[in-house]
Each structure stands twice: as C-alpha cells, then as structure tokens.
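Beneath this line is the structure, given in structure tokens, with notes to follow.
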Amino acid sequence: MQTDIEIAQSVEIKPITKIATTAGLQANEIEPYGYDKAKINLDPSIVRKQELGKLILVTSINPTPAGEGKSTVTVGLADALNLADKKTMIALREPSLGPVMGLKGGATGGGFAQVVPMADINLHFTGDFHALTSAHDTLAALLDNSIHQGNPLNIDPRRILWKRVVDINDRELRHVTVGLGGPTSGVPREDGFDITVASELMAILTLSTDLMDMKERIKRIVVGYTYSKEPVTVADLGVAGALTVLLKDAIKPNLVQTLAHTPAIIHGGPFANIAQGTNSILATKTALKLADYVVTEAGFGADLGGEKFLDVKVPLLGKTPDTIVIVATVRALKHHGGVALSNLNNEDVTALRNGLENLGQHLTAMNRYGVPVLVAINRFTSDTEAELQVIKDYVQQFGATAYTTEVWAKGGAGAQELAAAVIKKSAQEADFTPLYQADDSAIDKLNTIVQTIYGGTGVELSTKAQKQLQDFKKYGWDKLPIIMAKTQYSFTDDAKKLGAPKDFKIYIREFVPKLGAGFLVALTGSIMTMPGLPKHPAALDIDIDENGTITGLF
C-alpha cells in the first residue's frame, strides 16, 4: 500500500497559475512562490460575486491521538462537490511543524484526498510561521529591552505575560530563566516558551480583516503589567508598526491545490485546544467570494474547534455555515466505548454502542446552533458492515443522516453520497442561533459552553482565576468571547475520561487576556501551551535520499 507522501509524489501537480485561473483569480492577483504555491494579494477587486458561496463546516467527534481523518474528509468532500459540477474551494489551516515532527503528523489530508505540495505545506510552506515566530520574539526582545533601558513604562518583570515562541514541541522550554550574566545581559526573570501556534499574533493573523485591522489588533496586545498592576500594551511600547511590517506577507492567504486540482486556500494555523483552531477570516472570505461552495474545517472536535468557529469566527466572518459535517470513525467510537488503542481493528459492536454517546453529545451540541448537521463516517479497512450500520441507525434520533466515505482510497469519488446530501442540506434556510450573547458575563459564557457543548454542570474557578475576573471587570474585559483551552480527547478537562461523561465541572486554573485577538483564554486542567514530544516522534521515520525524495511524512 502506498503511503500518503508516495501518493502525493505520484500525482502530477498543475502550475499554480492554472489553479488560480480555475479559482477565478487574475495573474496580477497572485504572487507565485515557485511552480505550485502562491500568495493571494489583499485586493478588494477579488470580489467576483455579490453573494457569498455556501459554507460547509467540517468538524469531528473527540479524536484518538492519531486523529480521525477530518482534513482527509474535508478535501475529499470538496473534490466530490467539484465532481458534482459545483464550483468549490477549500479553506484550511496551515500545519504546525511541532506535530509534523511529533505524534499527530501533518494536516494535508491523506491518501487520494490531499492538498499538495504535501511536503512543502507540512514543513516551511511560504514562511508564514517563520514570520510569526520572528514577529513574536521581536516583541519579546523589545519588551525586555524596555525594562533594561531604564524601564520607562514601569513594567513589573514578575508580571510579564508575553513569552517567547518556537514552532517545535519542546517541553524543556516551558520554564526558563532569562537575563542571567550580569548587568550587561538584561534583567533576570522567569520566562518560558509557547509553541508558535499558541501566539496571540497567530490568533490576530487569522481574525484580522485587512492589514490595518491587524495593526490595530497588535496595538491592543497586553504584554504585562506595571508595578501598580496596570496593563501594558504594544501601543505603549510603540512597536506595532514594526511588528506589522514583519507580518505584511504572512497576512496574505496561500493558494495551493488538491490532488484532483480543486483550488485550496491554506492560511493560519492556531490549535483548537489552546486557541481558536480556525483558518483565517481572509482565506475563508476570499474563497466565499470566488466559489459557490467552500469547505472548511475547525481543529479537533466539535467541542473545541467547532464551538470556537461558531462563536468566535462567525461573528467576524459575517457568514454562518450552511451545513455542519461531523466526522466520526468506528475506531474512535470503539475507543470511547472502552477498547484499547491496540485492539481497535477488531469488530466490537458492544463497545461501539457504548462509545456512540460521544457522537450523540456532539450532535446535540451542533444541533443547538440551528444549522443542518450531517455525519461522515471516515471508513477504515477494518470497519465491518455491522459496525457501520449501528452508527447510521443511531444518528437518526438526532435528526441526522450518516454517510460512509472512502476518500482516502477513492478521493472525491468516495464521498459522492455525502456531497449530494451537503448540496441538498445547504439549499435549506439555516436558522443560526449563537450559543451566548456578546454582553453575557465571562462566567455565564463559561457555564453555557460547559453545559450546552460538553454536557457538564458548569465551571469551577481557582482563587487566581476568580481574582483575575475581578480585575478584568475593572479593565472592561469581562465580556469578551471565551476560548476554552482544554484537552481534545474528552469533553472534560481530563483526557482519560472518554465517551460522554455527566455531572462534571471544568476546572479553570487561570485566564490569559488576549485583547488583540479579542478574547479571554481559559486554561483548564493540565493543558499546556507548549507540547512535548512522544516516546517515538514522527521525526524518527522521516528521511530524504540523494535525489531529494522525502519519505516518512504523513
């Protein structure tokens, strides 16, 4: 059996100029990065239609550590819609190098449902993440320099919020000490590193509507507090212009293609467990103005990326999804039903039935928004007909229909039934209802998310988190949207509690204000903003030969 990268290398890629033409872009509206990649210029003339296209949101159940093929289904569905003569584009996130070299691998789909050039996209791509890392760490250096150069802003080194970042999973960097070496080396203080995708600049990039909006958002970033506990912003430091210059190209969406030559815009890459988990506003809106159907995804499960897409991105995008597709796998549902990861290839209808509660809670949560919901079963070779039928029967009680997809093996041809259902559902009038109101308090928003999306009873705040909310109210931050930083494997804040637990509370240990992005991050349980590497990192299997042929990427 061919690997993902072998399949990607075996298919002829069209010149990116031809893909741009297919998408409806003129030659002067793109900046080619070689033969097969391009940046799309931020030009209002790109508007081709008065009405936006249909928006299809692909999300999933709580995944296993290997993922459930959400990106694969997203790509396969878009290819299937094009096979049905619907002008379709994809809007995806950029992969982070950390997971590519770590456990999960890349984020370009799989099999015959991939975006290409697969290796480039999963590695350095067009340099967006490098630009973000440079801008973020430039701000960190400028902040420390201000303290070293007489500290005119009276910044308290003990209350600095702005860590450094690197796009690698490196647990050794979570807690570091900087400024050692005497007076010429700065002011000693405790610091740490986050992974680049956790940077507020990444969130800002994906939520900005244009270059100047990004600049204004950067000004609002809170980097720390003074000795009198007043917030210090980038505007106070006076460096928003320099940071925006570093990101002037990164804000431009990237154009690539699928193996079936469907145009794909890949831009931005915040994780959904520690940030909002969506691609950029600019990428999605550009696709909506060019295509009749746009298939996009949100990171991890519907409890994380799905909820954040609907409650954080949609108000800024100005467009609600026309259909939501929840990706499920027999393997993951059996895992939620108690089967060990090593035994998931064996038929176990009883465990599958037990695990279906996880899918049921996701269906209940997504139905709450008033958008038509479908289920896509991403089929594996070990799945039996009996197991597939159990899922199809179960979802009917939630008003949904489940469709088996085989896009890994067949590409768009493996999702034609799903595509037909998406076309039919998207023709209906959706009655979108937000989960909470903008002026709800932070605690009300938190409780609503836990009760409605997770199926729990509410939240429990640490003493620190309670004090922070009091301070936020004083600063006028207490009604910002909420980003829950939570494990992706469970509805709870404990990764080991699978299925659909009841009667639980989510423990909020602290908040991180992200004024530039425009939300509050609630850190739950033991969630980390700098991941670590597994015992067997994917990097151990990646290699390159004398001809430059890469192996081991997935």
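For all residues, glycine too, the Cβ spot is worked out from N, Cα and C.
Keep in mind that what you see is a predicted model, and the values were worked out from it rather than measured.
K70 (ATP binding site) carries a helical DSSP state (H, G or I). What Swiss-Prot records for T64, P65, A66, G67, E68, G69, K70, S71 is ATP binding site, and it gives sequence analysis as the kind of evidence.
In the structure as shown, the Cβ atom of G69 (ATP binding site) sits within 10 Å of 28 other Cβ atoms. Taking each of the binding-site residues T64, S71 in turn and counting other Cβ atoms within 10 Å of its Cβ gives the largest count for S71.
Highest local Cβ density among the binding-site residues P65, G67 belongs to G67, counted as other Cβ atoms within 10 Å over all protein chains shown.
Note: K70 (ATP binding site) has non-local neighbours V58, T59, S60, P63, E297, V327, N378, i.e. same-chain residues 6+ apart with C-beta under 8 A of its own C-beta. Close to E68 (ATP binding site) in the fold, though at least 6 residues off in sequence, lie S60, I61, V327, A328, T329, R331, A332, N378, each with a CB less than 8 Å from its CB.
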